[in-house]
Amino acid sequence: MGIAGARSQVHQFFALLALTTVLLLFLFGRRAHSSSPSSAIETLRRRPPFAAAGGLCAQLLLPLGYPCSEHTVETKDGFLLSVQRIPHGKNALEEKPGPPVFLQHGLFQGGDTWFINPVEESLGYILADNGFDVWIGNVRGTHWSHGHTTLSVHDKEFWNWSWEELAQYDLMAMISYIYSITHTKIFYVGHSQGTIMGLAAFTRPDIVKMIDSAALLCPISYLDHVSATFVLRAVGLHLDQMLMTMGIHQLNFRSEMGIQILDSLCDDGHVDCGNMLSSITGDNCCFNASRVDYYLKYEPHPSSTKNLNHLFQMIRKGTFAKYDYGWFGNLKRYGNLHPPSFNLKDIPESLPLWMGYGGSDALADAIDIQRTIKELGSEPELLYLDNYGHIDFIMSVRAKDDVYGDLIRFFRSRGWPTSY
Ligand SMILES: *[C@@H]1O[C@H](CO)[C@@H](O)[C@H](O)[C@H]1NC(C)=O
Ligand SMILES: *[C@@H]1O[C@H](CO)[C@@H](O)[C@H](O)[C@H]1NC(C)=O
């Protein structure tokens, strides 16, 4: 196994070197002979400047008459995260906040995700109008959480993390902060990467003790049945390792560099970049494409190349484990050749879970979700929607009727949470 392993590592290294050269040529040499770019990339090129002034409250909620306050939370490793609180709805009869619910967005998204559809369609507004005290998470690296006590976004150390740190540090800091104010166990809502963070964090007694119950939209712990053509292409081309080799630590698809990376992946005809969203997430039944230009005011948000690498490791290996630093790095860090796995059985059976998933989701595949459910100690409540894709669960024009009604019923069935 040793020699075969070493040989395959040498082989991989040269493959990587060749691919990196190809990508470099693409990025810096293609303008001269560029074919007509896909419409999706043209749309991305038309993106308006990111609207950050005054923060998320000032941008989206206050103009609509919702109460909203901005909070800054410091993580153990020095990141300064912005968290928003919408203590009640617009027409609340009393100002006393309801039970706290925390919303954790997915990859390349930010807290704005829960508010960029109209008021009657977006989960953030709907929860506030249903009497919940709504708290919004924004992980490190998103446009809303670009601060650090000593680092700047131009430092490569600023981007030296994956979802593991988002679970261990960001979630810990945000949930502890909310608990310190509300003294009440928190309802958790996560979408996609927000569910990886949740499931990893719930294996830790110090975090899960602050959570009353959790609703997971497109839950992910295993990723080996991903079928999204664009993603599989990027995995096959080792895009993650290429970018790391090239010293690109920040992954920002609003930047010209980010758009060129997409462009180079689209250029070879293997994926349908005319419908980029479907190629990345699966067919979304109820996504309103005429809102794309508006969404691009806020999204996509940056993430780290290391995070992409960690996610691609999960796709390649079918594991739900800590970051793989390679044999030598793993030995040094974990005392083992392989990184330790997260054990879903460590999530307490007493934590009620609700899961919403779709038959058209090319990222959170039903087979992977069945495996997750099998490994959990408890039986989650399930909502399956055959025609829903990955983005529908947050942006479908019908999500209120299809999804959020049942999610709210689940939380209400818990009663008013107490302290631990
Ligand atoms: C990134 O983090 C790893 C693990 O914590 C550490 O070994 C490495 O030196 C860090 N790299 C940079 C560039 O900060
Ligand atoms: C889609 O979005 C456009 C632009 O915001 C809006 O005019 C239209 O009513 C929306 N359609 C649906 C079905 O929600």
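Including glycine, each Cβ sits where the backbone N, Cα and C put it.
Quick look at what TrEMBL lists:
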type	residues	note
SIGNAL	1-34	signal peptide
DOMAIN	59-117	domain 'Partial AB-hydrolase lipase'
ACT_SITE	Ser192	active site, nucleophile
ACT_SITE	Asp361	active site, charge relay system
ACT_SITE	His390	active site, charge relay system
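Sequence features annotated in TrEMBL and their locations in the structure.
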{"residue": "Ser192", "record": "active site, nucleophile", "CB count, 10 Å": "27"}
{"residue": "Asp361", "record": "active site, charge relay system", "CB count, 10 Å": "28"}
{"residue": "His390", "record": "active site, charge relay system", "CB count, 10 Å": "29"}
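Mean pLDDT for the domain 'Partial AB-hydrolase lipase' (59-117) in the predicted structure: 95. The CA atom of Asp361 (active site, charge relay system) is located 5 Å away from the CA atom of His390 (active site, charge relay system). Of the recorded residues, Ser192 (active site, nucleophile) and His390 (active site, charge relay system) place their C-alpha atoms 8 Å from one another.
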